[in-house]
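**Q** Let me give you the structure first, and then I'll get to my questions.
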Amino acid sequence: MFGALKEFRPNEPFIYDYLTSDAKNFTNDEVIQNVYPIATYSNFATLIVVFLLTDFLRYKPMIILCGVSGIITYVVLILGTTISAMQVVEFFYGLYLSTEVAYYTYIYAKVDKEHYQAASSYVRSALLMGRFITGVIAQLLITFNFLNYHQLNYLTVLGQVLAVIWLFFLPSVSVSIYFHRPDSPIIDSDPVSNSFNQGTITSTGQLITHKFTTKKIKHAYYLLWQDFLKAYTNIDVLKWSLWWAAASCGYLQVLSYSQSIWNTCIEKDGKLYNGAVEALYTAIGALAVFGVGKLRLNWRLIGEIILSIFSFLEALFLFIVSRSYNIWLQYVIYIAFGVVYHTIVTVCSFEVAKRISDDSFGLIFGVNVFLALTFQSVLTFIVTSGNVLTLDIRTQFAVYSGYFIVLGIIFIMIAIYTVAKIRKSKEKLTLWVSREDNLNQN
């Protein structure tokens, strides 16, 4: 329920048009160069700290921070009238995005390992349901003039407030993946530490001695480092993670700036169908993600080939976007681009998950997102912010097209090497694999 309520943000399909409308009256350059980049930098700067605090504080406080950040974001958006105020909005929006990691990893600490797949499905379904409902409601309200762009903000704030209220009914967890493991040797085998762990009751509550806390933190970082090394010294994890991070960078950039290029395709006061597009995109994406999970392809053989082909396809989509002034073609390509990304990144996620420790998926997810945000921050600073290059929005999308071409070239070279290596080993080249072989690939 929290996921669905958090995603109920009916103002977002029309946020660019709201900022450039008479209600706020910012220019295109102000929004693209001075406002939007702040969210990227904020998300990047806070993600690692948020990830570590999430585990240390056992999830729930950081999930509450996520909800509160959402409320602050949209309240300031309603009240603010200056560029500085909008930059504050984007800072808290970046924090809002980074603290989502607490919600995603909370579920893994709360359920047994055998229920991970089902729990992940519930989380994903809740998010998709929230986005779908958001798109439909936003479009209906705007199309039939029940509300304007500014009034949609109040519905968004209501959704965030209800999400925070719901959080207080979420059960707390007594363990976490790294800092509060139930099988921690420090807790189980050190009676002195155990006695210290009982703490001393003071006016601020229960305290843990400095000695015990230091040991626990060192042990947590040891576990983090071991899981990190085990994952990223596996060449298969490394290559799937590389595409995951690099493609996510491009996807996030397109997601952030699509509305601004759509604005160049419509006449003044023309009808927008951004909400309907978001709803349709969510529905098709959910079906595609569900379907790809059922395929039993030999991803070890054809994985890099698929990654390179779809990188080139994404590049083609973005090149067309940079040239087209047809809003309907823009909408279709936006949906296709997003569906391709979500489908292939789903393949990346389960191929990575097969090759890492059961408890380390949250860590690898966090690292890959951090890499994506690192790439995005660099791309934003060079291409979007105006600090290095001064490019119009269409030229920016042409640059993003080139970015995916480079990604495709990298993976076509990796694909050639992989196929040559498999042929040299005289391993049978099979396109389809059995369920057992698919699960056991490593």
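These residue numbers are counts, starting from 1, taken along the chain as shown.
Any Cβ shown, glycine's included, is placed from N, Cα and C.
For 38-57, 64-85, 91-109, 121-142, 154-179, 240-260, 272-293, 305-325, 331-350, 362-385, 397-420, the entry in TrEMBL reads transmembrane segment.
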**Q** Find the member of 38-57, 305-325, 331-350, 362-385 that has more C-beta pairs under 8 Å to the transmembrane segment (397-420) than any other listed stretch.
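**A** It is 305-325, which has the most Cβ pairs under 8 Å.
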**Q** Can you see whether the transmembrane segment (154-179) and the transmembrane segment (91-109) are touching - at least 3 CB pairs under 8 angstroms, only pairs 6 or more apart in sequence?
**A** yes
**Q** Below 8 Å between Cβ atoms, which of the listed ranges 64-85, 240-260, 305-325, 331-350 makes the most pairs with the transmembrane segment (38-57)?
**A** 240-260
**Q** List, by number or range, the same-chain residues at least 6 past the transmembrane segment (240-260) whose CB is under 8 A from its CB atoms?
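**A** Beyond its ends, the transmembrane segment (240-260) has Cβ neighbours at 13-17, 28, 31-32, 36, 39-40, 231-232, 274, 303, 307, 311, 314, 318, 330, 334, 337-338, 341, 344-345, 348-349, 351-352, 364, 367-369, 371-373, 375-376, 379-380, 384, 393, 396-397, 400, 403-404, 407, 410-411.
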**Q** For the transmembrane segment (305-325), give me same-chain residues lying six or more residues beyond its boundaries with a C-beta closer than 8 angstroms to one of its C-beta atoms, as numbers and ranges.
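**A** That would be 243, 247, 250, 254, 261, 264-265, 299, 333-334, 336-337, 340-341, 344, 347, 394-395, 397-398, 400-405, 407-412, 414-415, 419.
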